[in-house]
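Just below is one structure, and these are the notes that go with it.
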């Protein structure tokens, strides 16, 4: 029986063109994290279910859970913050503050839609072990600089503190968190489901919307200029709630002007989460980029590179007699740092069509091809063909590297 080639809903393949763009964006992000002293960390895809449970509020139902053959309750990584907390508890001798970035896949049993998948890459950076507002400011500065490095022009960070919602039931906070998706009337109805009548629910919403920046936010803003943050990029939004239960202080979300799918990242302070593993309060603050949304936003603004081949040169093979010469020139090009492919096809006396090899190069957008026939072997030359202009020239083997480099500048 023939197996139907398909992926489950919410899971994707990334072909070379897409994977190259993803790598480009990821490189921009990780270079920025390193500038601020964040180090890489990796954690396993599978955690004990009890490690993840009780940390995500209403979102807990989206955790992928299963039992192994030994009957142990396990779960796929839902985010990277809880595994980080578990790491801090597992390795208590890590130097504090501990600054790490993490770029790994997470899984959520969500309903796939625009910008949402069941398997997706998260890009996080966090500082653990510092309660200073300077840690919060540095996280914000790093996030904003990353957006600038990617090339965004119109972007901003909405900021609030969980203390704005002190005394409010969790369901009310969850309702307020939906203001970007629902109308105010719909949010009021959501609030009323928590035991408030409609009039009282309206009062709650108005009171929150009219809230002034608390002392925490003002102190944080005072650090922005010295640390290099443009204050115009940061907007106090008292309705910003963020749904995860573990936030304890400042919270923030990154928005791109004109991008309608939603925020491209967010984070905040979570001083109690690690304590659920260590038994003592451990201050922490972090930020997470939703990589797919960030990629989509960057693509919509033309900030990603055009499709470009990884390979610079295809070395053709015109039968068994040219094999050794072709392999030697390919090795020479690679040693010079030029990405080079040799056309791979069964030889054994079989004549390989040059036309077929050049079509292969065209299909992959490889800019150059090197042709070595009998004449070239005798004269110790190669024919270098520019596949964009279709022009070709015969040059000395020793000159081919300089010629290719010159053509690329």
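Cβ from N, Cα, C; glycine included.
No curator has checked TrEMBL annotations; they are predicted automatically.
Worth saying up front: this structure is predicted, and the values here are computed from it rather than measured.
For the L-histidine site, TrEMBL gives 79, 80, 81, 122, 126, 242, 246, 247; the one candidate out of 69, 72, 108, 233 that the record lists there too is 108. Mean pLDDT, taken over the domain 'Aminoacyl-transfer RNA synthetases class-II family profile' (33-295), works out to 90 on the 0 to 100 scale.
For residue 242 (L-histidine binding site), applying a Cβ distance below 8 Å and a minimum sequence separation of six or more within one chain yields 177, 251, 253, 266, 268.
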